[in-house]
Amino acid sequence: MFEANETISKVNEFILLGFAVVWQVEIVFFAVLLVVYLLTVMGNVVIITATWVDHRLHSPMYFFLCNLSFLDAMVATAIAPKMMRDFLSTKKTISVSGCISQCYFYFFLGTTEFILLAVMSLDRYVAICNPLRYSTIMNVRLTTQLLLVSWVGGFLSVLSPIIIISMLPFCGPNIIDHFFCDIEPLIRLSCADTSLLEMIEFSLSTVVLLSSLMLTVVSYIYIITTILRISSSTGRKKTFSTCASHITVASVFYGSAIFMYIVPNKGFSFGLKKAVTLQTCVITHLLNPFIYTLRNQQVKEVLKDAVSRLSATKRQLKKNSG
C-alpha cells in the first residue's frame, strides 16, 4: 500500500513555505515571536513554580493547572524555535524524520491538553456542585489517575496515525505550505493512497475533540445551574469567578481546534487556516498563564506575596551590605 515507484527519487527533507513576506517583515516576525515565546515560557514557569512552592495552591485544581502550564510551554517549544530559525534563514528546510517528530509532539501535547481541559471541568463540577465531598472525591489517587488518563490518552490517540505516517513514501514534491509540519499538508505530500489514514486522523480528531468538549459543556451546564441557585449575588459572582479562567481558555482552544480539524475547509482560504493555527500554536499558550493569573484571586495573592517577600529580601540584603 505504501510502496513508492522505484523510478522516483525519495524525498529526504521538506521545505516549509511559512508566510509569503519580504525578509524585512520576517525579521519583525522573528522579534515578535521571540518576545512571545519568552513570555510564554516565563509565564508558565511562574505558574508551575508558584504551584509547587506555595502550600495554598496544593490542591487538585492547581495540580491540573500546573500540568496545563507545562503543556503550554512544551507546545510552544515544539513550534516556535523552528519558526524563529526559519525567519532568519533562506533555507527553510526540515528533515522527514524531524518533520514527523514535530508533528507527533505537537499533536500529542495538544491532545493531552484537550483531555486535561475536560478533566479540569470535571474537577470544577465536583468542587462547586459537591463542595462538602470535594476532598473525599478528588483525593490524591483519583487526581493522579485523571492526570494519567490525560497523558496516556494523548499519547495513544496520536500514536497510530504517526506510525502510519512514518511508513509513508514521500517521492516529491517536498513543499509544505505551512510554518510547521501540520498533519494534513504532510499527508498530502505522500505518493501513496492515504484515504484510510485521512479517515483515521479525522475520526480520532473528532472523537477526542467532541468527547472532551461534551464533558466540558455538560460539566458547566451543571455548574452554571448550581451557581444560579445561590441566593447571594456576591456568592454567585465569587463562585463564577473561580470558573471564568477555565471557560475562557476552553472556549479559545475548542473553537480554534474545531475550525482547523473538524469543520470542512471548503469556503475558507488556507491563509486563514494558517492564521488561526498560528494563534492556537503560539498566542493562546502565551495568554493562558496571564488569563489564569489575572482572573484567579488565589494565584494573584500567591504571586503578590512572592513579590513582597522578594522585595523584602532585597531591602534586607541592601541594608546589610550598607
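A Cβ is built for glycine as well, from the same backbone N, Cα and C atoms used for every other residue.
Residues annotated as domain 'G-protein coupled receptors family 1 profile' in TrEMBL: 43-292.
If you look up TrEMBL, you'll see 27-50 (among others) marked as transmembrane segment.
The feature transmembrane segment is assigned by TrEMBL to 62-84 (among others).
TrEMBL lists 104-126 (among others) with the feature transmembrane segment. For the transmembrane segment (104-126), the list of distant contacts is 60-61, 64-65, 67-68, 71-72, 74-75, 78-79, 133-134, 137-138, 146-147, 149-151, 153-155, 157-158, 162, 180-183, 208-209, 211-213, 215-216, 219-220, 222-223, 242-243, 246, 249-250, 253-254, 257, 281: same-chain residues at least six beyond its ends, Cβ to Cβ under 8 Å.
The transmembrane segment annotation in TrEMBL covers 146-170 (among others). Same-chain residues lying 6+ beyond the ends of the transmembrane segment (146-170) with a Cβ under 8 Å from its Cβ atoms: 2-4, 10-11, 14, 63-64, 67, 96, 100, 103-104, 107-116, 119, 122-123, 183, 186-187, 189-192, 194, 197, 200-201, 204, 207-208.
The feature transmembrane segment is assigned by TrEMBL to 202-228 (among others).
As annotated by TrEMBL, transmembrane segment applies to 240-263 (among others).
Sequence-distant contacts of the transmembrane segment (275-294), counting only residues of its own chain at least 6 positions beyond either end whose CB sits under 8 Å from a CB of the stretch, comprise 33, 36-37, 39-40, 43-44, 46-47, 65, 68-69, 72-73, 75-76, 79-80, 106, 178-180, 182, 245, 248-249, 252-253, 256-257, 259-260, 300, 303. The feature transmembrane segment is assigned by TrEMBL to 275-294 (among others).
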Which residues of the same chain, at least 6 past either end of the transmembrane segment (27-50), have a Cβ under 8 Å from a Cβ in it?
-> 19, 21, 57, 65-66, 69-70, 72-73, 76-77, 80-81, 83-84, 87-88, 282-283, 285-286, 288-290, 292-293, 299, 302-303, 306
Quickly jot the same-chain residues contacting the transmembrane segment (62-84) by Cβ under 8 Å, restricted to those at least six beyond its ends, or write none.
-> 18, 30, 33-34, 36-37, 40-41, 43-45, 47-48, 51-52, 94, 102, 105-106, 109-110, 112-113, 116-117, 119-120, 123, 143, 146-147, 150, 179-180, 249, 281-282, 285-286, 288-289, 292, 299
